[in-house]
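Student: Here's a structure for you.
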Amino acid sequence: MQEPRCSPRASLQASLKISWKMFMVILTARTAAAGSPMTRWSRCATGEQQRRQLVWHLWVDGLPATCPHPTDLLSWFQEDHVQLNGHTCTLTTIRVRGQEGEAEQVQSGAGQKHRILAHFHTSPEDYTVIFTAGSTAALKLVAEAFPWVPPGPESSGSHFCYLTDSHTSVVGMREVVAAMNITSIPVRPEDMWLAEEQDATAASDPDGQPLHLFCYPAQSNFSGTRYPLSWIEEVKSGRMCPVGGPGKWFVLLDAAAYVGTSPLDLSVHRADFVPLSFYKIFGFPTGLGALLVNSRSAPLLRKTYFGGGTATAYLAKEDFYIPRESVAERFEDGTISFLDVIALKHGFDVLERLTGGMENIRQHTFTLARYTYAALSALRYPNGAPVAQIYSDSEFSSPEVQGPVISFNVLDDNGNIIGYSQVDKMASLHNIHVRTGCFCNTGACQRHLGISDEMIKKHLQAGHVCGDDVDLIDGQPTGSVRISFGYMSTLEDAQAFLRFIIATRLRPSHGQPLPLATPGEAGALSAESLPATRARRSPSPQEDASPDSRVWDNAPTTVDAVSLRPPLLETTRTQQTPSEKAAGILDGGLGSHIVTNLFLYPIKSCAAFEVTRWPLGNQGLLYDRSWMVVNHNGVCLSQKQEPRLCLIQPFIDLQRRIMVINAQGMEPIAVSLEENSKPAQICQSKVCADRVNTYDCGEKISSWLSKFFGRPYHLIRQSSDFQRNARKKRGKDQSACTTATLSLVNEAQYLLINRSSVLELQQQLSTSKYLLTHCTASCGLLHGDGTIFQGDHGGLSNRCVSLGLALMIKACSDHRSLSDENGKEELFPVNNLISRFRANIITSGTRAFEEEKWDEISVGSLHFQVLGPCHRCQMICIDQQTGQRNRNVFQKLSERRERKVNFGLYLMHTSLDLSSPCYLSVGSQVLPVLKENIEHYDLPASEKQQEVIS
C-alpha cells in the first residue's frame, strides 16, 4: 500500500525525536561477543580509526556500493591460505597452520552458499545459489532461461511484465524476450497500488498456462521507495495480476539495492528469482553476484549453452550433451570468481561483528536518511522558497516504505532548478561526492521529474545522453542529485552534507556562506582551500608578472645551467610588464575593446607564458599546449589531479629555438623546439576522449619532472604529422560545420575572456566575508548534543530549533572575515583571477559578460569565429601562483551565472593564411559581430596593417 502523504510536520518531528532516541540506544547498547569492541557506529577503534585513515573524502552515495570496511579487506589479504580453482578441488581453500605446515582443507564454495542462504533466512532445500558476475548477469540469465511460451493459435503466449520504476538491467531483459517473440508490458507503480487496494478475487489460474514473469524492485534505486514484499505472494497466487489474462505468474524480486541496508526473509517472501550483487552489501568483492532460485521454480529453467564445468558428459563429434543435475552447477558456466567467493566469509564476519545484523543496519541507515530528509526539506530561503525539491513517494515515516535514499534537485530563491552537474561540481570542491543523473532508472526519473517520452527523444536530439553533464534543457531538468547511506555512514557524514547545502545556498545578504566542518572532517575547510589571509604573503609585482617574452638578444651560443635562466627585467621605473602596459592602454582610450594581455601555455596545465606579441600557427598561438605531462601509464595530468603543475614555468626562446623550464628549487632545463631528428617512438595518449599521437621528450626532462613531483612523470609532445580536428556547429539551426585543427587543448584553438567580467567577479569576492549563514525560523541550528545554539555570530542572531535534531556548527571565531582590520585587503587581485581562467586573449570591455553576445570578432585583419562559451570546472579554484585551492571563486561564479558556470569564449581562426607570418599583439583593437545582428565595424586604416607582417 502506498504510504499516505498527509502526515503533519509536527507529527514527523515528534517521530524523529523518538526515532533518534531509539537510534542512540541501538548504537550505544549493541555490542558483539564478550570482549569485542562496541559497534562501528560507537566509534570502535578498529572501525572508525581505520576508516578515517583510508577515507579522506565524503562519499554520500552508499546505494551503488557501500564503503568496504578496512578490517574486512585486511582480514582477507592477511589470512594464511592458498585459494584453488574449484574445478580442480571442488572450490577449496588450503589454510596453512603452525610451523609444521599442517594443512586444513575448507569447503569454501559450498560453505559460502550455505552462509548466503542463512543470511536470507532460508536453506538449500528451498533455494539454490547460482554465482554470477553480478545482479545484471543474474537478470540476463533469467531472461534467457525462463520457459517462455510464444503466442499461438490457442494462446496469447507468455508475458514479461516489469515495473516502470526498475533498473536499466531489468528493462533490458525485454530485448532478450523480444527475440523469442514474447510480449513485454511495462506496469506503473500507480497501477499496482490500485490493484492492491481493489483486493481483487482470483484474476488468473495459478496452475494454468502459459507462464508469465513479473519483475519489480524491492527498493527503487532512484527515490528509495520500497515496494511491498507482499506483492510476491499476491501475484503468485493470482489475487493480484499485473495484466489480465490466463496463466501462471512467477515473480522476480530485484533485491540488489534493497539487501545492502535491510534484511530479506525468503522464508516469508518466497520470490521465484532474487538477483543480487555482494559489493552492494559489503563494498567488495566487485564482479561477484548471485541468483537465488526458488527450488519449486528451478526445474523450469531451460539451458541452451553449456560451458566448462556444467556438463556431466558430452561428445565433440556428436550432438550429445548431458547437463549436471545440480541447478547451480548447470548454470555456473566456466570458472567462477573463486577468490571473491572466499572473500564473502570476511564480509559476513565483519558485518555481524560490527553491526549485530541487518535489522540494526536498517534502523541506522533509515534514521540517517530521515534526519537528512527532515533537515533538507525544511531549509528555506529568506523569502520562504524551499532550497530543494525532493522526489519521494513517502515522508520517510518508516523503513518499510522508504529506503535510505534521497533524490532531489537544488532550487534557487525563485524556484528555478539548479542543474545537477553544477551541484556536483560544488560538492566536489567540498570533498563531497554525490551521484547525479537518472541513476540507470529512466522510468522513475520520468515519473518524478515529469519528463515525457517525447521529451526524452527531444533531449537525445539535443545531444543529451545517459551519463553526461547536460542537466538542463529549456530550463527543465534531465536528472537529479542522489545521496544515500550505507552501514558505514555516520551522523557526521549527514551533517557535513547539510552544512555544504547551507554554506552554498543560504547566506546573509552581505556575507559569504559559512565554512564546513572542523578540520579533519570530510568536507571540512583545509589550509589549501582557504583564501589568502594576512599571514599569507601576497605576491610582489615582480612575482605576479611573467618575464619578458621578447626574443632574447645577445644570447650565448652554448647552453648551460646559468644561461638557461630567463633574463631578469630591468628594475627601472620606466620598465613595464605586459600587464602594466595593458593598464596604460586601458587609460589611453584606444577603443571600447582592446587586447590587454596575451598568454600561451606551452605545457598543458603548467604556468602561463605572457607575451606582448606572438606568432600564430595553424593550431592557435604558436607552441600553445604543444606539450603535456603524463604519468607512467601515459595518462595526461591536469591541475585537478596535480595542482603543482602550475608551478612549472615554461619560457619560449624563439631565437635559440628552445623552451626553458623552471621551478622553485630546481635547476632550469632546456627542451628543443625542433622535432627529433632521430625516429622517435610514437605513443598514444588521450585529451578529452580524443586519441592523440605523441612522442616522449626524453629521460632527462622525465627525471627532472619526477624529481620535482616525487613520482615518475614524462613530458610528451604532439607529433607534427598528427592532425586532431574539432568540429563545432556554428549555431543551433545551422547544419554546416567548421573544422579547427587543435593542439593538446581541450576544445578550441583560443580562449578569450573579458576583463570587465573578471572585475565584476572580483568585486563579488572582495565584498564577501565568512559569516555564519542566515537561518530562518523554519530551520535553526543546534549543537551536537541537541541544545540550542545561542550567541552573537558576526551580528547574526542564530537562536532557532531544527526539528529536534542536531546540526553542529563551529564557533564563530572560526568564521572570521578574510579582510584586514580596516577591511581594505584585496582578496583576489585582478591578475590572480585572470590567471585562474587560463585564457589566451584578454580584452578590455565596457560591460561584464557582453562577450557572450558575440558571434565573431576581428583583431586587425585576423578573423575569429566564436564557437561557444567555456564551461568551467574546479580548476579555476587553483591559485596559479601557489597551487593552493580556494573554492570561493567557483562558488561565486556559480552564484553569478546561476545555472551554468560559463566564463570566456572559445574561438577558432578563419581563413588564416600562414604563407607569411601572422601575429597577435597587445594593444590591438577588437571588433565584435553580434549574434543575430550582423553589424560590422569599420577598421581604421592604421589598424588594417597592424597585425599581418611578412
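The count begins at 1 with the first shown residue.
Placed from the backbone N, Cα and C atoms, the Cβ positions cover glycine too.
Quick paste from TrEMBL:
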- Cys440: active site (ACT_SITE)
- 717-929: domain 'MOSC' (DOMAIN)
- Lys280: N6-(pyridoxal phosphate)lysine (MOD_RES)
- 511-556: region 'Disordered' (REGION)
- 1-34: signal peptide (SIGNAL)
Student: Please give the average pLDDT for the domain 'MOSC' (717-929) in this predicted model.
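Tutor: In the predicted model, the domain 'MOSC' (717-929) has a mean pLDDT of 69.
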Student: What's the number of neighbouring CB atoms sitting within 10 A of the CB on Cys440 (active site)?
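Tutor: Cys440 (active site): 19 neighbouring Cβ atoms within 10 Å.
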Student: 10 Å Cβ neighbour count around Lys280 (N6-(pyridoxal phosphate)lysine)?
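Tutor: Lys280 (N6-(pyridoxal phosphate)lysine): 25 neighbouring Cβ atoms within 10 Å.
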Student: What is the interatomic distance between the Cα atoms of Cys440 (active site) and Lys280 (N6-(pyridoxal phosphate)lysine), given in whole Å?
Tutor: 15
